[in-house]
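What follows is a single structure, written as structure tokens, with notes after it.
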Amino acid sequence: MGSRECPALLLLLFLLLPLGLPVLGSPSRLICDNRVLERYILEAKEAENATMGCAEDCSLSENITVPDTKVNFYAWNRMEVSQQAMEVWQGLAVLSEAILRGQALFVNSSQPSGTLRLHVDKAVSGLRSLTSLLRALGAPKEAISIPDAASAAPLQTFTVDTLWKLFRIYSNFLRGKLKLYTGEACRRGDR
């Protein structure tokens, strides 16, 4: 290592250390660090709380389809990790579409609040990051096309009409199925 590379490496280490993230850890296992997922959960909960008392500014001009976030723990624990991954990917896809649709509706509304816009934009960014982290973990997105997937129950969905309900689903999905799946995948070392 040349003399110029060493100070650059040290500078990078000093920049990353304050984030509290493992500097030398593998990027593919980053989602296995509970602090990473907890940060996204906290942001989702903050958005939910910020919109809880919101009435007129938070209603959506159309209903948006979201995944059902209820977890049957008995059934979940009996599923193969690949089945859990399929359910998480399907839920994440529906939730991402819902948040993007909510963002489009919100941006086109008459008087979007700066704070609400920030929460919506953070949710869009957070879902993109979580998708990337799941890919890096090696979550089998392809599981959706496996022939056994036809025998799996279709993803349950329903509609919401306010940002508060949308953020509540977002928060519940992260705290529920996503956290359960990543915990199991990380424990098993599935990649």
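Note that Cβ sites are derived from N, Cα and C of the backbone, with glycine treated the same way.
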Open item on the list: If you follow TrEMBL, the disulfide involving Cys186 connects it to which of the following: Cys32, Cys54?
Closed with: Cys32
Task: Between Cys32 (disulfide bond) and Cys54 (disulfide bond), the C-alpha gap once rounded to whole angstrom - done: 34
TODO: Pop the Cα-Cα gap between Cys186 (disulfide bond) and Cys58 (disulfide bond) into the table, whole Å please.
DONE: 37
